[in-house]
Every structure is written in C-alpha cells, then in structure tokens.
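Per TrEMBL, the features are:
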| type | residues | note |
| --- | --- | --- |
| TRANSMEM | 12-31 | transmembrane segment |
| TRANSMEM | 197-214 | transmembrane segment |
| TRANSMEM | 239-260 | transmembrane segment |
| TRANSMEM | 288-313 | transmembrane segment |
| TRANSMEM | 320-339 | transmembrane segment |
| TRANSMEM | 355-374 | transmembrane segment |
Amino acid sequence: MRIIWQEMKKIFNPVMLLILVLINMLMYYIFIDFDISVFPNGRPATDHYHIGIEMVEKYGHELDEIELKDFKEVLQQEIKKADEYIQSDKEFAELGITTYEESREMNIDMDKNPAYSQLHSKIVFDKGVDFFWEIPAREDIIEDFEYIKERYGYGYIEQPTEDQERRIQEVVNTGAVNSIFPAYPVEDNFHSISKNITITILVSVLFMISPIFIRDYKNNMIGLQYTSKAGRSLFKKKVAAGVLSAFLITTILLVVYYSMYATNDIGMFLASGINSFMGTVYWYDFTFLQLIIVTIGLTYVLSLSLSLVAIYVSSICKNYIAIIGFQLPIFVLVCVLIFNKSLLSEAFLINSSQLKVAVLYCVIIISPIILLIWKKRREKNQDILFE
C-alpha cells in the first residue's frame, strides 16, 4: 500500500494539479458554462420550463384527465388576459385587431401585412409580452396530451420495429406517459451538460494518468525494476495507483460539476418519469433522478476504462508523442460515440439499439483489462529473461 501511495503522490504532483485546474477552467468556460448560466435558453424554452414547474406544483408529477380540464381553464384565462391587453393597445386597435384569436389568424398571412408583421415583432420579440409566448406553449402541451395514442414516440422513429412499437404501447397503456417532465428544455439541457462533463473528466483523467510509466522510462528506471522482487511487482501497483487516482479525479470533478448543475433549479422534476407526453420515449422506466444516477455511473465506467487504456499505452510508449498518437484516436472515437447518442443517457432512447449499447460497453470495459493482463504476463516472461 505504501508503494501505491507513493505512485499516487507522483501522479498528483503540484505542477500536474495546477495544469489540471487550468484545463478544467478552460473546458468549463468553453463547454459547460453555457448550459448552466443560460438555462433555460431563451423562449419558448423558458415558458415550457416555468409551465412545467407550475404543473408539478399544482398537479404533482403526473397529469390526468381532470387536471387537464383545469389546465385548459387556465389557458382560457390567459387568452382572456391577452384579449384585454390587445384591446387596450392602440396599435392593435389601428389594425382592427381586438382579440388574441384575430391576432393569431393574422399570423398566417403576416408577409402580406407589413404593419402587423412589424407590430408582432415588437410585441413578441422586443417587448417579450408573456401571453404571446405562454399561450402557444400551453396549447402545445394540451395537444401533446390529447394525441398521445396517435403521436407519442413516433416523431423520433420513421418505421418502428416490433420491439419499439411494443415499448411505445407499454408506456402509453401503463400510464407512465402521463408524467410531467418538460423534455424541452430540462431533458435537453441534461443531455448536453452530462456529455460535456463526461468529456471534461475524460480529458482530465487521460492527462493525469498517461505519464504514469513515462517518468520511469525517462529516468531509466525500467531495467532497474527487474533487479528486485518489489520492482518486478511494481506494474500491478502502478495499475492500482492509476485506477485509484482516476476514481478520485472522477469523483471530485463529478461533485464539482453536478453541484453547479444543481443550480439550474431542476429539483422539482427529479421524481418525474422520463417517459413523458411532453418529451421522448426511453427503453426503461427511470425517473429523472435515476437517469442522472445511471449517467454518473456510466461516466465512472468510461473514466476508469480509459484510465486503464492510458496505463497500458504509457507502459508501452517511451515518449509523450507516442502516447498522444495512440490515445488521441481512442479518445476521439469515444467522443464521437458520446455525441452520436451511443453512450451515456441518450443511449437509452427508443431509437437506440440496446444490443449495440451493451456490446459497446463490453468492448470498452473488457478490452483494456485484456491488454493489461497480456502486458502483465509479458512482464513475467521478461523477468525470466533477466534472471
């Protein structure tokens, strides 16, 4: 254990830690900050978010037919308020518009009426009058609920397979689809930020773990290690030190970044099911909190697996250029898989093959383990040659 501790101290030397902090600051401001500081992002995302909060506070985490009627009454009240606003506005009066419905009808031929087009732009975009954003958002929610059986899930799949069709019908028939969970913007924001957090962690782990053997090569220590029993067993201890260090780095960064994510004020949706009429279909009946926990678990899997890859590559390369040459294609491939929705939370969406996801994770987990076992056996053969 003492040797493992000494190896971890080498990994966490002050210079490397300082550079790690700088890397994370850079990655945060480039990739993560936007999803935290600009949430919800504009309109109608803000309206869907606030209406979602209102619905959870008023109806709980699921919507039924009785509550839908109440929601429709709220919509009618909003339309009446919009009518009153329009009737009190001189510019609308000059155009002969007295109700919200008349205003909406004018939107159809807006290009033919420059005066109304200018007024609409002023009211909706310049002044940002809430009625003109909230009413369409509420109507969209009502429409999504009323057409669950006809539309739910099919917007993401052109020709559903039997399994996909069965899953969609299961979500609808069990009532899980009644969950109040605004995929736009809450779910979209989580998918985006979780991917960027994971990639930042992977960069951090690769940076810190990759030099684990290279220092010994630079100091000509590899040959000397075979002259003692402790030296011959150092490979396993270095692997243990690398994995423990990767786990520690991953844990600290997850705590830091997800604590920042918590400031997005999404707590009221944690108990909501992710298979919602307001969003998408998943293969599993997770709550939002469970989806976050599973995503964190998958981040650990990717981080620890890539740390094993970094340890193996470091053990066979004698300089940093070779390490980068080996690891960069692997890192790029993982990033491509993440952004292609093959890993992390988006891998559980109805349009993702769960067999492909399982195979990918098996390859990601097993491959570096096999390589390190092979390397360890090779080390034993080298011991015999040195004797």
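Placement of Cβ uses the backbone N, Cα and C atoms for every residue, glycine included.
In summary, the transmembrane segment (355-374) does not lie against the transmembrane segment (12-31): fewer than three C-beta pairs, each 6 or more positions apart in sequence, are under 8 Å. By the Cβ criterion (under 8 Å, sequence separation of 6 or more), the transmembrane segment (288-313) is in contact with the transmembrane segment (197-214), since 3+ such pairs are found. The highest tally of CB pairs under 8 A with the transmembrane segment (12-31), across 197-214, 239-260, 320-339, is held by 197-214.
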